[in-house]
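Below you'll find the structure, written out as structure tokens, and then a few comments.
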Ligand code: SAM
């Protein structure tokens, strides 16, 4: 079974969007993964197809109703569906490459895209939604966040990236940021490719790349560096 993504959204027409392009889109065409976008308003019960209401206790904006979202979730992911149910949310756990990798090893994901002020807390608890954030900033809706998550996951699925585009050395895969990359021309605006990279000495090149990765991580991501150096 290939990875199956189901997205619940107020803007199904935004999908597949960038997920239909390049290696990710080709992966879908090849059957490595599939995507369904479900329109939340289809689960509303009134003639205006209302999905939100004013926040209890007052305040700005609107809140997505729990009953409508629960109906959508129960239809899209019945009780025997083993896929994790994820709510894109700025207050969720930050998305990491480790979580991305774990998702890529599973059967797929059901992803809820929020809008407005947020979602009624009771449906988050009742349907055991895992809140996931893509960073410490606030977007207008969860659709772009869901695409970020899916793009990161799908590129790890078997058969999506060719051998030439392997991800073994990439940033985060070994706890470090990736070393700097170079290609032709040999001299660009007076800057040369580091001599070592054209030396043909693979041992030295590997050591140089490791040193560059370490220096870059130490400088720009002290949080990652601390975790890396504390590793047993
Ligand atoms: N009132 C909410 C708060 O302060 O936490 C923000 C709601 S935001 C305007 C609307 C929706 O965008 C959220 O429900 C969520 O689905 C999505 N969203 C916004 N920022 C996000 C982030 N950093 N990561 C994941 N989803 C995000």
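Each position is counted from 1, following the chain as shown.
Every residue gets a Cβ built from N, Cα and C, even glycine.
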134, 135, 136, 137, 138, 139 bind S-adenosyl-L-methionine per TrEMBL; candidate in 114, 159 listed for that same site: 114
Matching range for TrEMBL feature annotation, region 'Disordered', among 183-207, 208-232: 208-232
Neighbourhood of ligand 1 - binding-site residues from 114, 134, 135, 136, 138, 139 with Cβ under 6 Å: 114, 134, 135, 138, 139
Site with most surrounding Cβ atoms, counting all protein chains shown within 10 Å, from the binding-site residues 134, 138, 139: 134
Rounded mean pLDDT for the residues that make up the domain 'tRNA methyltransferase TRMD/TRM10-type' (4-226): 96
